[in-house]
Amino acid sequence: MSLLELENASRLQHGVWIAAAALLAVLILAPWWADDSDLRSIAEFAYLVAIAQMWNLLAGYGGLISVGQQVFIGIGGYTLLILSLDAGISPFLCIPVAGVVSALFAVPIAAVVFRLQGPYFAIGTWVVADVFRLALDNVPAIGGGSGKSLTSALMSIPGWQREATTYWIALGLGVGLTIGVYLILRSRLGLAMTAVRDSVPASESLGVRVGRTKLLIYVASALGLGMAGALIYLTKLRVSPDAAFSMDWTVLMIFIVVIGGIGTVEGPIVGTAVFFFLRAMLADFGPWYLVILGSVAVVVMLKARRGIWGWVAGRFNFHVFPTRRRIRVNSLRSGFAEMPPSPRYLTE
Amino acid sequence: MPTILTVEQVCKQFGSVIVADDINLTVAEGEAVGIIGPNGAGKTTLFNMIAGSIQPTSGRIIFGYRNITKLRPPDRCRAGIGRSHQIPRPFSGISVYENTLVGATFGGGREGVDAKRRCIDILDRLGLLAKANQLAGSLGLLDRKRLELARALATEPRLLLLDEIAGGLTDEEVHQLIRIVTAIRATGVAILWIEHIVHALISVVDRLIAMHVGRLLAEGAPAAVMANAEVQEVYLGIEEP
């Protein structure tokens, strides 16, 4: 790649950032210009980006293919339910707390599922999520199988304030978790994660503590999903085990990430946009909607295995969130052949 | 020279199969030791036990003054044991430079510009600098082997375990590799090197160990070991007249 192309790419990148910042400013002001249904759509977009980022972090960068991440959405939802209804804590304040509770649950869950590898790990995570669902079915104090409504906890908050705050939190989670994933990837932990994803034995012999790395990603993902889970049920107003611990949540995360581009920070945003577009286009087609959604996923998996953004990034070498660490090499030397004996190395 | 590695009465059994049978060996600081032996002699198993990826059934492994028998592989790497795998295992989704950076960051404990400089220096030495920003998955076999070595060096080992790094290379490439290993040696790193290409091994090492069915068959000066009748029989397939 020539220097000129590099400059163009970075100019385009800055352009995209400025546009994104402007869009964000407009979105922050949305409660003053949008109606309730628009606000809810944007909030849904934001929280889907958030949960997809969490699955992408785990699978796309950590190589941990879980189909049971709904467990943390459910834990988040139920933390909101119990703390806001029974303990009388402000529902908005419950959201960060739900993240922490979810992260705390992730530690013992990890101790169980990390004993399993590959497909067994995937099935193990699913089983754990179902164990939670079935257990909560049998706790009548929090509604048992039919769940419980949150309305009474929210009644004291004026309507506009409730809608706007919920919206801002959703937006904050979508943007915050995207930036969070990006920062993790640029950090030491990010380097360790990608190493572990690509080869466990090689990581170990290069000094990477594999178990601890996996645990950190798993807990980070649970933290984000717990907050998102609480927020989601704040918008849905009713928590039940079948909905909160439904595998549909993870299916949605996987669909979005696979379509958008697994292992890229941009992927979940692109995937969510595609999902929204398809859902709007296919709203009148009834059950065909899911058939077409599934077919799109299959086609992308076969034809563009790295997803839409993966294809774009590969084709145009363009990244909004560049996570690769690059070095500038001034004089490109190559091969053993031209290599002079280097006294620098010998005397080191 | 003080001893850097001591393998003491190490045995390893998989079920009823004995793959290491009472192995004793020492490596001095800065020493280069070669290991030869037919396939299945237990050479790689021995490396796995020194690097920590498998636990011996009995016996002790001492590195410096420390008993490392119970240590996990990452901690052995941090203690100063570097390893290049027989089958290269690059992190294929990240660049050559990032691959090396993993070693420098976690094994070598370096950060920021310091780690970067170290990686550039090593990649330069191994002729990989021009490919530094390429994905490691796009490399050919020779470059994968170089990368394997580059990453191990980035962890700044005091003992380097090389597992058949010359296999599959042309004569000229083997010569270049010998120059590199000699240069590494000159920095004071002790080397334990498994290799089938005996002339490559002999041109670098001080001492040679021959293994057969999990046992040490012979040990000593390279010429003496290669002349040993038993070694010739099992390794070179020469029958006694």
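These residue numbers are counts, starting from 1, taken along the chain as shown.
The backbone N, Cα and C atoms fix where each Cβ goes, glycine too.
Just so you know, TrEMBL annotations are computer predictions that nobody has curated.
TrEMBL assigns the feature transmembrane segment to one of the listed ranges (A:123-143, A:165-185), namely A:165-185. Same-chain residues lying 6+ beyond the ends of the transmembrane segment (A:12-33) with a Cβ under 8 Å from its Cβ atoms: 39, 42, 160, 163-164, 167-168, 171, 175, 318-320, 322.
Long-range contacts of the transmembrane segment (A:215-234) within the same chain: residues 47, 50-51, 53-55, 57-58, 61-62, 64, 69, 72-77, 79-81, 91-92, 94-103, 105-107, 109-110, 114, 150, 154, 166, 169-170, 173, 177, 180, 184, 189, 193, 244, each at least 6 residues beyond the stretch ends and with a Cβ under 8 Å from a Cβ of the stretch. Highlighted: of the candidate stretches A:71-89, A:95-114, A:246-265, A:285-302, A:246-265 has the greatest count of Cβ pairs under 8 Å to the transmembrane segment (A:165-185). Long-range Cβ contacts of the transmembrane segment (A:95-114) within its own chain (Cβ-Cβ under 8 Å, at least 6 residues beyond either end) map to 66, 68, 71-72, 75-77, 79-80, 83, 89, 121, 124-125, 128, 169, 211, 214-215, 218-227, 229-231, 234.
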